[in-house]
């Protein structure tokens with residue numbers, strides 16, 4: 001059990017190390033990467049099964065009791081995030097089996113992929129503020145390596161923006177972590193929650209949490225600090241951008257959900273600010289998408305807008321709303337990663353990412369059209385796909401709390417998203433290719449990509465049709481967040497030697 | 001059970017056409033038709049029960065947490081609509097088989113059609129409003145596919161997108177409305193909601209819910225002012241128009257109004273919203289229809305007009321009006337579907353749907369002409385046909401309705417609508433089939449094969465039969481459906497042709513006379529119309545979309561212009577604003593801790609720190625200088641650590657400072673040596689302001705923290721370091737034991753960073769950059785003595801010493817200042833010195849270590865230490881230590897933390913050296929610099945070997 005708690009970090013890490021050792025043997029590195037990602041997925045599924053049986057895994061690393069040692073703790077939310085990370089990692093690794101471009105780049109992708117996964121999983125399972133910072137760094141350095149893969153002027157300039165802005169966010173986080181410790185004397189999230197909930201937090205600690213949320217907001221790409229995301233995602237190689245689109249902002253969202261529910265369980269001033277920010281994020285993101293003419297640029301702005309929904313759920317703070325945010329998180333990661341994969345495949349087949357230069361895919365690759373339609377409609381919130389339930393719960397929660405304008409913004413964003421998706425559909429799939437059908441390239445190498453996107457599309461449909469159990473899981477996860485007994489037990493429980 | 005099957009059959013059957021198309025078009029159509037037929041037959045089995053007044057129900061739980069259940073019900077209203085959808089659907093399937101050309105992908109067409117059919121049946125049979133919403137959105141989607149079916153037509157794509165936008169937006173508005181409604185009633189089950197009329201109408205949320213739900217209904221049913229999408233959806237193949245835009249999709253909004261009638265109708269708000277919208281739609285759309293030259297356009301606007309009529313009837317809110325509305329739904333579906341198919345036949349056989357290019361077809365296409373005349377006459381409301389009956393009932397109701405206290409408005413406008421209706425109906429007959437034969441038809445007109453005319457003929461037969469014997473053919477259905485709409489006792493009525501000389505009859509007479517006159521004077525009326533304004537809906541819609549795009553482009557360019565500086569400004573600005581807001585939002589007391597006295601030892605470094613920071617700002621364009629200044633800042637910070645008794649931190653700071661400055665210097669070699677001035681004064685002012693305020697804020701925070709005492713964990717660490725951690729250097733024990741997981745994460749960061757640098761530069765060294773490097777001339781003068789002999793000698797001598805220092809620092813680390821991290825840096829610096837002194841080429845040859853493996857091994861060793869603990873059943877990273885005795889050495893301690901520290905050490909050395917090696921590789925690429933294979937440019941040893949000759 002204790003090994004299982006740290007397995008989400010260790011599996012990708014060992015995979016990374018084996019990958020480094022096997023550097024000259026490209027095929028073996030790919031196999032190892034695939035196996036590692038599959039193992040991570042299995043562990044994630046096992047964790048979800050445990051969490052669903054109300055088991056909370058908590059380990060004091062090194063045997064040092066909390067708050068002196070570092071706590072690793074996996075509740076429902078963490079377990080779900082780990083599982084979904086494994087799945088996205090597996091999809092990316094599958095796609096990465098493609099043979100295109102420089103073989104060294106492909107090999108490096110499989111190595112750094114697991115660096116990123118280790119960081120993402122570490123962030124999901126830690127119960128310690130500074131340790132969270134460390135995993136943020138790990139995932140950040142992994143993402144630096146991944147986004148620059150392949151090089152080239154355009155890519156490196158996007159990388160530059162990405163690196164500088166993310167480092168700033170990390171710096172703000174470090175500052176606030178220091179401030180947290182020096183004002184409350186603890187780094188343990190559970191104890192932090194206790195201090196705040198008892199109303200004993202000094203003003204500096206409140207300020208520290210605010211600064212921390214600012215840095216998470218940058219990571220999550222909220223208005224007005226989302227600039228780094230649309231400036232950089234479209235430059236990366238397809239599976240890299242899909243991986244980023246699925247996971248990176250969501251780590252920020254996860255951290256926000258974790259900290260806010262822990263320290264401010266009741267609706268308050270901070271939630272009010274978050275509510276406005278969430279609405280602005282939804283609208284600005286979707287309007288930004290309307291102004292774009294490249295597939296991945298459009299999709300990038302939609303990430304921003306979609307993150308707004310999750311923060312809306314967090315801001316409303318009611319149990320239903322938090323459950324909605326959790327459900328949204330799970331649904332969105334699958335959908336968004338898939339759209340980036342499909343966008344990349346479509347671009348590869350048509351030879352361009354500009355909508356004007358694309359087209360004809362419906363005739364040449366009808367299955368790709370269907371596979372696009374599933375996540376695209378889910379993103380827009382069309383029933384009975386997963387996105388509908390996610391939006392539905394949030395709208396319901398907004399109305400229940402009397403925030404009709406927030407519900408209105410959520411619905412309006414939905415219709416703009418639908419229009420945006422229909423624009424991609426018309427331009428990329430329906431319209432004839434401007435250079436005629438012959439310009440469309442279909443090769444056997446795409447089969448790995450097909451596997452990845454069909455699997456993710458199947459998940460979207462499953463989450464939609466099986467929304468009942470998923471929603472129950474999300475509601476129970478929200479219950480844990482509202483009353484994080486487990487976190488508090490991790491402190492009082494004598495885990496020392 | 002069979003109820004659910006009726007809904008599911010079209011969905012399940014949707015795969016059939018896609019499969020059967022391989023067996024031929026006929027087989028495909030038969031498969032599709034049998035699916036619909038089966039569903040229709042299942043529906044018929046429930047007819048007796050429904051006619052008895054029972055409500056058939058079936059259901060399961062789906063998402064109980066949200067109140068969503070899969071529950072279906074079948075009452076009179078549902079039966080009416082489901083019958084229309086499946087029955088007309090069957091006819092359309094037959095018709096489409098003969099209508100679609102060989103080039104059209106028929107399998108896909110039937111698949112979409114079945115999906116649409118299933119969604120429609122779902123709407124009319126849902127008992128749960130959330131389930132209804134699910135099907136509602138599905139109809140929008142499947143109709144998007146159907147309308148855009150001819151994907152080579154841009155109008156088709158645009159029309160589909162517009163339809164999706166309008167009906168999709170309406171759907172969202174309805175979701176909101178339904179949610180509110182469900183909240184008021186406390187349930188999402190229709191059967192519960194329909195029982196709660198008083199509760200709902202008394203709620204303050206009744207009006208918003210009503211408006212939102214009507215938003216969904218009006219957009220779907222193309223009611224004014226949302227009518228504009230329907231004509232553009234006519235780019236679809238005719239079977240689609242006939243199905244969607246006569247019988248089914250556009251009636252979904254009407255259905256919902258009927259469904260919600262018992263709870264929503266009867267209030268003033270309902271009356272004014274619904275009947276006004278209906279009335280306006282009826283008149284305006286009929287007027288526009290009169291001037292449409294495209295047959296389908298004419299029919300489309302006529303449909304809008306008739307939907308307005310039904311909407312108006314439901315808006316009146318009286319039971320008798322509801323009866324009339326239900327009756328007209330049946331009649332309209334029959335004659336309008338027949339007419340759409342008829343228009344399709346004309347288009348199919350003559351090659352055009354343009355009224356101006358047609359005429360005189362009566363004797364060329366007699367069957368088609370006959371059917372057109374009957375159906376159009378019914379649409380005009382001529383006696384003995386079913387359209388007449390329901391129009392009479394409508395006029396009767398209109399005559400009794402007063403609007404805002406004015407009794408004349410509704411009857412006059414209703415008559416006006418009827419006038420236009422007569423005019424355009426007869427225009428369809430006269431301008432297409434009468435007049436002289438022409439010889440310029442695009443194709444030679446003749447009657448179509450039976451497959452095309454038989455389906456509409458069945459509908460035309462219905463038109464006549466209901467017209468002649470209304471009570472026999474429609475009475476029971478109207479009664480039971482109206483009963484479901486009203487939700488109470490149906491008023492006593494009798495459907496018959498002759499009601500006596502009622503006001504409605506006179507209104508009808510006026511309508512026919514004036515309508516025919518209008519048609520007679522058509523050229524003049526048309527000229528009048530031409531002179532007036534023609535607001536073009538598509539243009540307006542496009543303008544709206546364009547302005548949204550333009551506005552968002554402005555917005556996005558404002559926020560997101562690609563400038564890194566601007567993004568940074570936003571981020572720092574957000575942090576500053578929120579930070580200060582949080583600061584002023586709470587109350588503060590000054591800290592109580594006494595400040596320390598300031599002596600010279602503090603003052604001097606502090607002034608240096610200030611001075612160098614300022615210098616850094618002033619001189620940041622000169623990159624070398626700026627780097628040195630930053631180095632000074634780092635050194636002063638390490639002095640601060642020494643002063644505050646933190647020797648470990650000071651050691652780390654110094655060695656990190658040295659290693660990074662050297663690496664950056666190496667990198668700078670390839671970069672421009674100064675930054676150009678790019679920012680305006682305004683921008684610099686903004687940045688200065690942000691930096692100043694941000695710095696002040698951080699400074700204040702530091703002050704606040706330092707002037708307070710707070711509970712720390714230090715006590716525990718100090719106490720436990722020796723007995724439980726086995727070391728007296730608490731900092732090191734924290735790093736490798738208490739918080740070893742952090743260190744573990746950090747060495748991964750370091751290792752991955754080095755690998756990333758390697759990968760980045762490795763990739764760069766292959767492509768364009770490599771070529772530009774080869775042609776690159778260093779922009780600074782190159783030293784004549786690149787490898788000074790003194791430095792080479794000194795570093796050689798120093799190397800073993802430095803290595804020993806490294807080992808020493810490593811070993812003492814657990815008890816005294818030192819440890820793996822610092823030792824790693826010290827060793828790295830010693831190695832870097834070799835590279836600098838003796839040159840990349842030579843040093844590279846001496847160092848035959850694979851740094852990748854070194855990094856990997858480092859992290860692996862650290863991980864293995866942690867995992868070993870787990871294998872023994874302890875938590876990850878649990879440490880152990882013991883004391884041993886050896887002769888000569890004496891007593892010493894071995895801890896499990898030591899291998900962990902070795903891992904740290906290896907990773908640090910590997911990472912620094914890998915970065916260095918890769919930068920060196922770049923240097924080696926410079927074509928115009930000689931690569932040294934010897935340690936010194938002037939090698940005394942070589943001199944001796946050559947026998948004293950100067951080389």
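Yeah, the Cβs are placed from backbone N, Cα and C, and that goes for glycine too.
Transmembrane segment is the annotation TrEMBL gives to one range among B:855-877, B:924-946, and that range is B:855-877.
The DSSP breakdown of the domain 'Na+/H+ antiporter MnhB subunit-related protein' (B:791-913), given as helix, strand and coil counts, is 86 helix, 12 strand, 25 coil. Sequence-distant neighbours of the transmembrane segment (B:789-810) (same chain, 6+ residues past either end, Cβ-Cβ under 8 Å): 651, 818-820, 822-824, 826-827, 829-831, 833-834, 836-838, 901, 905, 935-936, 938, 940. Residues 88, 91-92, 94-95, 97-99, 330-331, 334-335, 337-339, 341-342, 344-345, 348, 367-368, 371, 374-375, 378, 384-389, 497 of the same chain lie 6+ residues outside the transmembrane segment (B:450-469) yet bring a C-beta within less than 8 angstroms of a C-beta in it. Summarised as a single figure, the pLDDT of the domain 'MrpA C-terminal/MbhD' (B:609-673) averages 88. Residue counts of the domain 'MrpA C-terminal/MbhE' (B:683-761) by helix, strand and coil are 67 helix, 0 strand, 12 coil (DSSP-based).
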